[in-house]
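What follows is one structure encoded as structure tokens, with my remarks underneath.
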Amino acid sequence: MKSPDTTTLLELYNVPKAEPLTVENLGESGLLARILPRLKAFDPLLGPGDDAALIAAPGGKFVISVDTLVENQDFRLCWPSGFCSSGFDIGWKSAAQNLSDINAMGAHASSAVISLTLPPTTPVAWVEDFADGFSTAVRELGAIRCAIGGGDLGRGGELSVTAAVTGDLATEKPVLRSGAEPGEVVAVNGVLGVAAAGLALLDSPLTYVEWSEEESALVLGQRRPRPPLAAGPAAARAGATAMMDLSDGLLKDAQRMAMASGVAFDLDTAELSLDLERLKRTSERLQIDPLNWVLGGGEDHGLLATFPQSTQLPVGFRVIGRVKAIEVGVMGPAIYLDGKKPDVAKGYDHFAA
Ligand SMILES: [Mg+2]
């Protein structure tokens, strides 16, 4: 984030502005020499530096997932509120959403590789900040076995960040989206609607200096989501029958899981009252119904899972509904809210207008 005070002082004393060192100035090997040490939190068996990294896979099989963030599509460097995201934020987010997909399978992340497409004028400091954000997220979110094995650097018209993460299963089989059975409970772990409220603040004409402490915390939830990484493997061990991470909004993701399992979910909105309460003041200020954020807001990267009724839920999970059978031959909705069909299916769709 730029500091307006510094700019004014520099201009006042006629100090020529130093041009930032760009990736074009430094070249690929110079840039690698700067960022690799910053990514060296956990060592793979081999790499980075060779043509591929070598990673241990003790279970004999592993899960793998890949995700891309593109400038102005998945993130912005500066927002209508005047707030500018740092390279650290983008690095954190890239790590968090990839680690979250591994978590959702009931696995521990074992390695990550990163591919960066950078406009030649990108400041080297931004890339260093990105690397710090990525490795800090891996460490702070608790992916203690995740080695960063290297990646690729390329030149392009816009910033684009791709990361792939592998993971080792906590149980013999992964937890899929398709295993929910009628009579089970629907549970979530993590916050709901926080990232969406943060996004609404970033997108609001209300400038960032007007944000309250509470609102800055919501924006932080959007910039640096905190997927509950211990919870995926814990849910798998406790016998979760279906699981996924909440990346596109509770309603949309729950619908995907219910349809994959061939069942319906009946969600109890009274169980969401604490989530709504957290967003109340901001929703009043922005005049947006907080239920839109809680039901439709993505990017919190909590977990949605189903468990047999008798299961003692692992720490952090709370019941928000029940799994219902679909009557044979009856076309009904996959999701009910308080026993009724929801009026609007909200949720983020990458390809929606
Ligand atoms: Mg996912």
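Using N, Cα and C of the backbone, Cβ positions are placed for all residues, glycine too.
Caution: TrEMBL annotation is automatic and unverified by curators.
Here TrEMBL flags 49-167 as domain 'PurM-like N-terminal'.
Residues or ranges marked as Mg(2+) 3 binding site by TrEMBL: D51, D101, D245. DSSP classifies D101 (Mg(2+) 3 binding site) as helix under the three-state reduction. Counting only same-chain residues six or more apart in sequence, the Cβ atoms lying under 8 angstroms from the Cβ of D101 (Mg(2+) 3 binding site) belong to S65, D67, V165, D245, S247.
As annotated by TrEMBL, Mg(2+) 4 binding site applies to D51, S65, D101.
All protein chains included, D152 (Mg(2+) 1 binding site) registers 11 other Cβ atoms within 10 Å of its own Cβ. Classification of D152 (Mg(2+) 1 binding site) by DSSP places it within a strand. Taken from TrEMBL, the feature Mg(2+) 1 binding site covers D67, D152.
D67 (Mg(2+) 1 binding site) is surrounded by 18 other CB atoms, counting those within 10 A of its CB over all protein chains shown. Among the features that TrEMBL reports, Mg(2+) 2 binding site is placed at D67, D101.
Following the DSSP three-state reduction, the secondary structure of E299 (substrate binding site) is coil. What TrEMBL lists as substrate binding site is D74, E299, Y348.
Among the features that TrEMBL reports, ATP binding site is placed at G151, D152, R177, S247.
Sequence annotations record features per position, and here TrEMBL assigns domain 'PurM-like C-terminal' to 181-273.
DSSP assigns D248 (Mg(2+) 5 binding site) to coil, not to a helix or a strand. As annotated by TrEMBL, Mg(2+) 5 binding site applies to D248.
Candidate binding-site residues: D101, D245, S247, D248, E299. Those with a Cβ under 6 Å from ligand 1, in sequence order, are D101, D245, S247.
Within the group of binding-site residues (D51, E299), the Cβ with the highest number of other Cβ atoms inside 10 Å belongs to E299. DSSP gives S65 (Mg(2+) 4 binding site) a strand state. Taking only the Cα positions, the spacing between E299 (substrate binding site) and D51 (Mg(2+) 3 binding site) is 33 angstrom.
Here the binding-site residues are D74, D245, D248, and the one with the most other Cβ atoms within 10 Å of its Cβ is D245. Here the Cβ of R177 (ATP binding site) has 20 other Cβ atoms within 10 Å, regardless of which shown protein chain they belong to. Spatially close to G151 (ATP binding site) yet at least six residues away along the chain are P48, V113, I114, S115, L116, A163, judged by Cβ distances under 8 angstroms.
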